[in-house]
Amino acid sequence: MVCTRKTKTLVSTCVILSGMTNIICLLYVGWVTNYIASVYVRGQEPAPDKKLEEDKGDTLKIIERLDHLENVIKQHIQEAPAKPEEAEAEPFTDSSLFAHWGQELSPEGRRVALKQFQYYGYNAYLSDRLPLDRPLPDLRPSGCRNLSFPDSLPEVSIVFIFVNEALSVLLRSIHSAMERTPPHLLKEIILVDDNSSNEELKEKLTEYVDKVNSQKPGFIKVVRHSKQEGLIRSRVSGWRAATAPVVALFDAHVEFNVGWAEPVLTRIKENRKRIISPSFDNIKYDNFEIEEYPLAAQGFDWELWCRYLNPPKAWWKLENSTAPIRSPALIGCFIVDRQYFQEIGLLDEGMEVYGGENVELGIRVWQCGGSVEVLPCSRIAHIERAHKPYTEDLTAHVRRNALRVAEVWMDEFKSHVYMAWNIPQEDSGIDIGDITARKALRKQLQCKTFRWYLVSVYPEMRMYSDIIAYGVLQNSLKTDLCLDQGPDTENVPIMYICHGMTPQNVYYTSSQQIHVGILSPTVDDDDNRCLVDVNSRPRLIECSYAKAKRMKLHWQFSQGGPIQNRKSKRCLELQENSDLEFGFQLVLQKCSGQHWSITNVLRSLAS
């Protein structure tokens with residue numbers, strides 16, 4: 001689960017730290033800031049409810065771009081020698097693990113903690129020293145404590161998926177589920193081990209399971225894969241082993257809060273075609289303190305990375321913080337009627353490893369007659385790792401899975417996914433596998449169109465049907481350089497070594513606008529940035545602002561021809577500048593015959 005609350009676009013520039021060998025590549029990645037100033041929660045007393053105030057349009061955004069730029073720019077940089085004192089410095093001095101924790105540890109303790117942190121992505125050293133039954137603050141809205149629920153609710157099977165999880169973290173997940181789920185509602189716990197190599201997860205875990213099962217025979221089941229199948233297929237393995245009417249599918253680094261189960265089971269009992277997500281809080285990866293997260297719906301951008309969204313306006317109008325939140329998608333952990341999950345098609349096992357399955361499930365459920373909700377009265381704390389140790393880069397898997405979703409479920413809007421990933425719509429070169437069965441499932445379930453989904457379920461999502469060309473933009477004078485958004489704070493486009501990632505995505509529209517950078521996913525996000533002639537200088541300005549101010553944002557362009565501003569008649573061209581890293585800068589000047597080309601053309605680029 002890699003969704004976070006807020007991101008800031010970073011630049012695609014690499015910097016060598018003076019006197020050090022570290023190369024910092026500032027990419028378009030999720031640089032996390034909190035959407036709402038959060039409080040580290042230490043006490044057990046519930047905080048008073050905050051008055052509900054509708055967010056005025058600052059949607060909580062995604063984190064996760066793990067592309068690596070080093071390979072495409074290494075020819076332009078050289079490793080700087082380390083200073084002797086830096087070479088002798090302790091390896092843990094710059095680790096984020098010790099920013100807010102561990103100052104009192106001995107050097108040996110720090111080394112051990114850092115080694116475990118690098119392996120797990122969170123502070124396993126601290127986790128091993130925390131009690132399994134530690135108390136959690138009750139972060140539910142106060143109204144949740146006054147709700148009543150039916151006496152007769154369906155039982156639930158809780159499934160935990162893991163690979164090489166720290167044993168103490170896994171056991172705390174199990175223990176919190178047992179302690180904070182009413183015994184008459186929790187039928188069993190199922191552990192799906194996706195072929196872990198960690199020895200602790202074999203003998204010691206077996207000892208723990210045997211101890212529990214000696215008191216409650218068959219209560220904990222363990223499913224062990226003989227090879228790694230990935231998160232998606234592991235969830236399905238857990239579902240297959242479950243026997244309760246309701247199945248809860250979770251990561252194995254969570255802690256359940258009091259009263260989480262009753263609201264969920266009540267909503268599913270009322271309508272078995274509802275898939276439910278709890279509201280999530282954060283377990284800080286470094287000090288394991290609980291950070292309260294604001295209530296949110298769950299959605300996605302056009303690359304199909306998951307994102308937290310503001311609750312819809314209809315929810316705010318209720319002025320009831322306990323009300324279910326209608327959600328376009330899921331972020332990975334969810335609770336579902338066991339039989340309905342099978343009827344709707346489980347998860348797409350043709351997907352690989354991780355990513356996109358949560359979006360696909362949400363789209364499928366909505367289009368095929370079900371619904372998705374987030375419940376404010378059901379709260380789960382979840383560790384957001386500092387890094388994912390089980391894979392170096394999730395991007396390739398998410399991209400492949402996203403294209404698979406697009407081809408099955410998104411109709412004419414599948415083009416948006418290809419555009420967001422900067423991939424040709426024909427002959428993409430990416431094998432998405434056989435989707436025949438998934439298309440047959442859609443037909444069998446008589447599902448609605450994706451346009452219906454956008455209009456009825458996810459109206460916040462921006463549509464980009466006016467884009468007629470996209471990709472990287474190159475000049476004939478220097479073809480190894482591409483137009484790049486440059487430093488985000490300066491709004492000045494630059495020419496940079498071509499790498500084809502988000503900062504170099506260019507979109508040309510039928511209204512002759514040139515968008516540079518990410519396709520803004522929703523109407524609540526910051527607007528797209530358009531290329532504008534500002535006092536004879538190229539600048540990137542929010543498109544809506546530039547249009548409202550009647551700025552010079554329209555450009556005549558045809559493939560292999562000049563890019564000329566329609567009002568000023570100046571052309572976007574390259575000019576040599578030896579002071580710049582790559583020797584060229586972008587200028588607006590009298591047209592001299594320079595030509596531009598863009599990677600993918602959808603319709604004719606008539607000037």
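Cβ atoms here come from the backbone N, Cα and C positions, even for glycine.
The structure displayed is predicted, hence computed values, not measured ones.
What Swiss-Prot annotates here:
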TRANSMEM  13-35  transmembrane segment
TOPO_DOM  36-607  topological domain 'Lumenal'
REGION    153-267  region 'Catalytic subdomain A'
BINDING   ASP251, HIS253, HIS382  Mn(2+) binding site
DOMAIN    469-599  domain 'Ricin B-type lectin'
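Locations of recorded Swiss-Prot features on the structure.
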residue : record              : CB count, 10 Å
ASP251  : Mn(2+) binding site : 20
HIS253  : Mn(2+) binding site : 25
HIS382  : Mn(2+) binding site : 21
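In the three-state DSSP classification, ASP251 (Mn(2+) binding site) falls within a strand. Each residue in the domain 'Ricin B-type lectin' (469-599) gets a DSSP state, and the totals come to 9 helix, 62 strand, 60 coil. Classification of HIS382 (Mn(2+) binding site) by DSSP places it within a strand.
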